[in-house]
Structure formats: structure tokens, C-alpha cells
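Report on the structure given below.
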Amino acid sequence: MNPYILATLLFGLGLGTTITFASSHWLLAWMGLEMNTLAIIPLMAQHHHPRAVEATTKYFLTQATGAAMLLFASTTNAWMTGQWDIQQMTHPLPVTLITLALALKVGLAPVHAWLPEVLQGLDLTTGLILSTWQKLAPFALLMQIQPLNSPLLVVLGLTSTLVGGWGGLNQTQLRKILAYSSIAHLGWMVLVMQFSPALTLLTLLTYLLMTFSTFLVFKLNNSTTLNALSTSWTKAPALTALTPLILLSLGGLPPLTGFMPKWLILQELAKQDLALTATLAALAALLSLYFYLRLSYAMTLTMAPNNITGMTPWRFPPSQLTLPLAISATATLLLLPLTPAMVALLTI
């Protein structure tokens, strides 16, 4: 892609998200979300592969549906209450509609079905943008309207953690596994959103960090399937040794960074007398942990089914930057001791 066009599209992505962040009026927030969608579409379809075009079309249709629903709900709110302010949502009907529209935009269960299909059709770089940056704007809006719809958010969160765990169990495509992982993590964030918005923000930041590391690992190995992972030890032995730890951090295993948000969320849910919800969420996390373990097993404990002598991947020097991965992987693995500092920050 032409670098000027790429720079313009990335600027559009950043501007759309910033407009949504800064807006207090529903029309401006909607406009920011639309800019976001329109800026990423050429990035998704840039390879002109039928699968990429199909994924782009699916993404466009779901995002357009979410945006139309959001616009309809905010207009209904203005009609019922006489104002467009995001912070002043008082009537339960538009609040519920907007929550569902944002859930569709971000890919929460039960309106999640588009996310694995879309992510599967994209290359890893665009998939990374879709899994991280594109979640920020709808999440900012969800956090602003959250105090009013308590049972809905808990149901969405719990459904997402369960669907994210179950959906990834039988997958062999890495991008679909990462999509279900994304659904499960978003479920955890939404589960605790109304009780502790700061904790949701912490969970979102750790999720972004861990997903960034995972996508970069797969990109460096050029792996998109489970079988391709088993040949990675010949390309980057040190990275192959580190990757299971990154995946287990994504699964929330102590003593890695990913354990911190899950630990604090379960603690918060127990404080709110939601012991059953906390138990179900913890059990759903075990489902996710299973497929991360499966990836780790495929990567480190299995030999490649065939070593083709004509294609020796370990002879080529890495053509990609490894510094971003080094920084994000270190943060993904070693931030758990900062938990007391994070808790202190949350209580300010």
C-alpha cells in the first residue's frame, strides 16, 4: 500500500477514536465510530484476496448495523428526555439499546459471531489493530453509560466468558483462537465495569499488552495455524521458549501479568455478593486456559510433522523489528509484583 494512503488511513483511525473519546454528544461519538470503521476497511481489503474481501464485507455490515442501532437509540433518548448528552442517560430503553449496539460493535456474546469470521480473513497486522485499537472507542462509550444497566452487563459479561472459552476449544486456526480469546477477555471487563470502572481500564490495558505480544509472536513466526507453530522452534528457539509463558499469561495463570486483572475482578465480584457469578467466570477461565495450553503444547512439545529440506526457514535473518515484541513480552510476563501499586491506584 502507498505510504501516504497508509498514513492517511492510520490518521483517520486515530482521529475517529479521539473524537469518540472527547465527545459528550451522541452524534459526535457516532461520527467518531463511523470514521474508525471507514478508515480500517481499506486496510482490511488491501490484499484483494477473496477471503479478505469477504471478511471486510462482514465487518462493514455488522459495524453499520451497530452504528445505525446506536444512532436510533440516541435519537430515541433525545426524543424521550430532550437532550443528547452521553452522561445524562436516564431512560432504561435507550440505555439498553445503546449497550447492545456497542456490544455488537465490540464483539461481546451473544452478538459475537462476526468476530472470529472477520479475524480469520485478515492478515495478522490488521487483525492486531482490529483486536486492540478498534475496541477502545466503543469501550469508552460503554464506560460512560454503565451505571444504569446492571443485570444486562453481568449477563453479557458472563455469556462472553463462557462463549469465549467454549468457542476456542476445537479451533486449529490461530486467528480464530485469538478472536475467542478476545471475546472472553471482553467478558471479564464488562463483568466488573459497573462495580469498578478503574479495574475495567486496568484489565483492558493488560489485555492490549498481552494480545499485542501474542500477535507479534505469530507474525514473527509467520504462523496462522496450529501445525505451523510446531515448526517455529527451528526459526526462533528463544522465542519458542518464551511463547508458552505469553500464552499462559493470556490465560491468567500466576505468577504472570495476566493473573492480576482476573484476581482483582474475582475479588471485586465477591465483595459485591456475586459469588456464583465469580465462580462461573473462574470456571470459564479454565476453558480458555485449556486452549492456551494446547497452543503451548503444539509449540514446544511436538515435533514438526515434516521438515522439508528445500525450505529451511532458519537460514533467513528476521526482517521484522523485534524490540516492540521484547518490550511487550517482558511486560506480559513480569508485571504481577506491581499488583499492590495497581490496587493503590485503583482506590484513589
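In case you wondered, yes, glycine gets a Cβ from its N, Cα and C as well.
Automated prediction, rather than curation, is the source of TrEMBL annotations.
Feature annotation from TrEMBL assigns domain 'NADH:quinone oxidoreductase/Mrp antiporter transmembrane' to 23-287.
Under the heading domain 'NADH dehydrogenase subunit 2 C-terminal', TrEMBL lists 289-342.
Here TrEMBL flags 60-80 (among others) as transmembrane segment.
Positions annotated as transmembrane segment by TrEMBL: 92-115 (among others).
What TrEMBL records for 148-169 (among others) is transmembrane segment. Proximity of distant same-chain residues to the transmembrane segment (148-169), defined by a Cβ-Cβ separation under 8 Å and at least 6 residues beyond the stretch ends, is recorded for 89-90, 92, 95-96, 99, 103, 108-110, 112, 116, 176-177, 180-194, 274, 277, 280-281, 284-288, 290-291.
Listed by sequence, the residues of this chain that lie at least six past the ends of the transmembrane segment (190-216) yet keep a Cβ under 8 A from its Cβ atoms are 103, 108, 124-125, 127-128, 131-132, 135-136, 139, 142-143, 146-147, 149-150, 153-154, 156-158, 160-161, 178, 181-182, 246-247, 249-250, 257-258, 260-261, 264-265, 268-269, 271-272, 277, 281, 324-325, 328-329, 331-332, 335, 342, 345-346. Taken from TrEMBL, the feature transmembrane segment covers 190-216 (among others).
According to TrEMBL, the transmembrane segment annotation covers 236-253 (among others).
According to TrEMBL, the transmembrane segment annotation covers 274-293 (among others). Among residues of the same chain six or more beyond the transmembrane segment (274-293), those with a C-beta under 8 A of the stretch's C-beta atoms are 154, 157-158, 161-162, 164-166, 168-169, 171, 177, 180-181, 184, 187-188, 191, 247-248, 250-253, 262, 265-266.
Taken from TrEMBL, the feature transmembrane segment applies to 321-346 (among others).
With respect to Cβ pairs under 8 Å, the transmembrane segment (236-253) is most closely packed against 321-346, considering the stretches 60-80, 92-115, 321-346. Across all of the domain 'NADH dehydrogenase subunit 2 C-terminal' (289-342), the predicted model scores a mean pLDDT of 78. Within the chain carrying the transmembrane segment (92-115), a Cβ under 8 angstroms from the stretch's Cβ atoms is held by residues 33, 58-59, 62-63, 65-67, 69-70, 72-74, 76-77, 80, 135, 138-139, 141-142, 145, 148-149, 152-153, 156-157, 159-160, 162-164, 179, 182-183, 186-187, 190, all 6 or more beyond its ends.
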